[in-house]
Amino acid sequence: MTDLRINELRVDEADTEASNHSSEEENEDWIKPLIYQSQGAKEFAYCPYSKFRVGAALLAHDGTVFTGCNVENASYNLGLCAERTTIAKAVSEGYRRFKTIAIASDLEDQFISPCGGCRQFMREFGDQWSVYLSKPDGSYVEMTVGELLPVSFGPEDLKKKTMLTTQNGS
Ligand code: THU
């Protein structure tokens with residue numbers, strides 16, 4: 001698999017047109033298909049309430065790709081984001097090591113940015129894998145999960161010493 005940090009673009013570079021990746025650029029053959037798949041997944045979005053379509057494509061460590069979309073519900077708070085749908089699909093099929101996730105929406109002038117809940121959901125599976133925030137024209141910025149969710153709480157923290165373990169000695 002190609003090194004996924006190649007052609008890295010930090011989000012602080014994203015506001016200059018010259019530094020944005022465009023669909024015409026070379027040397028990004030590995031990311032275009034993933035973004036394309038996230039755009040395809042967006043077509044299946046079930047979002048009758050928000051009318052805001054989101055798709056995601058998740059690349060696992062062995063090259064397997066999972067796709068997903070947002071799935072809303074008449075009981076609004078039960079709706080699922082595309083990222084969480086996708087990660088849950090992968091985990092439920094035995095995958096826990098991820099290289100990257102691409103996210104697509106219909107926002108023309110803005111890279112789709114994952115919500116806080118999805119950032120935490122991603123972080124469960126590490127903070128060093130990459131997230132591609134895209135626009136419908138295929139341009140994107142890349143950030144790590146750790147950059148999207150700095151100073152995060154994760155599964156490792158549950159294993160650390162607590163006041164409770166100090167007091168009872170266990
Ligand atoms: N949504 C996602 O699926 N992913 C995001 O990163 C942002 C928001 C969905 C949730 C809801 O169905 C709709 O977009 C509007 O918030």
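Placement of Cβ uses the backbone N, Cα and C atoms for every residue, glycine included.
The shown structure was predicted, so the numbers you read here are calculated from the model rather than taken from an experiment.
What TrEMBL says about this protein:
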ACT_SITE  Glu83  active site, proton donor
BINDING   Asn70, Val71, Glu72, Asn73, Ala74, Ser75, Tyr76  substrate binding site
BINDING   Cys81, Cys115, Cys118  Zn(2+) binding site
DOMAIN    29-156  domain 'CMP/dCMP-type deaminase'
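Taking CA atoms as the reference points, Tyr76 (substrate binding site) and Cys115 (Zn(2+) binding site) are 16 Å apart. Residue counts for the domain 'CMP/dCMP-type deaminase' (29-156) under DSSP (helix as H, G, I; strand as E, B; rest coil) come to 39 helix, 33 strand, 56 coil.
Taking a Cβ cut-off of under 6 Å from any atom of ligand 1, none of the binding-site residues Asn73, Ala74, Ser75, Tyr76 qualifies.
Taking the Cβ of Cys118 (Zn(2+) binding site) as reference, residues of its chain lying under 8 Å away and at least six apart in sequence are, in sequence order, Cys81, Glu83, Arg84. The Cβ neighbour count for Tyr76 (substrate binding site), using a 10 Å radius over every protein chain in view, is 9.
The two recorded residues, Glu72 (substrate binding site) and Cys115 (Zn(2+) binding site), have Cα atoms 15 Å apart.
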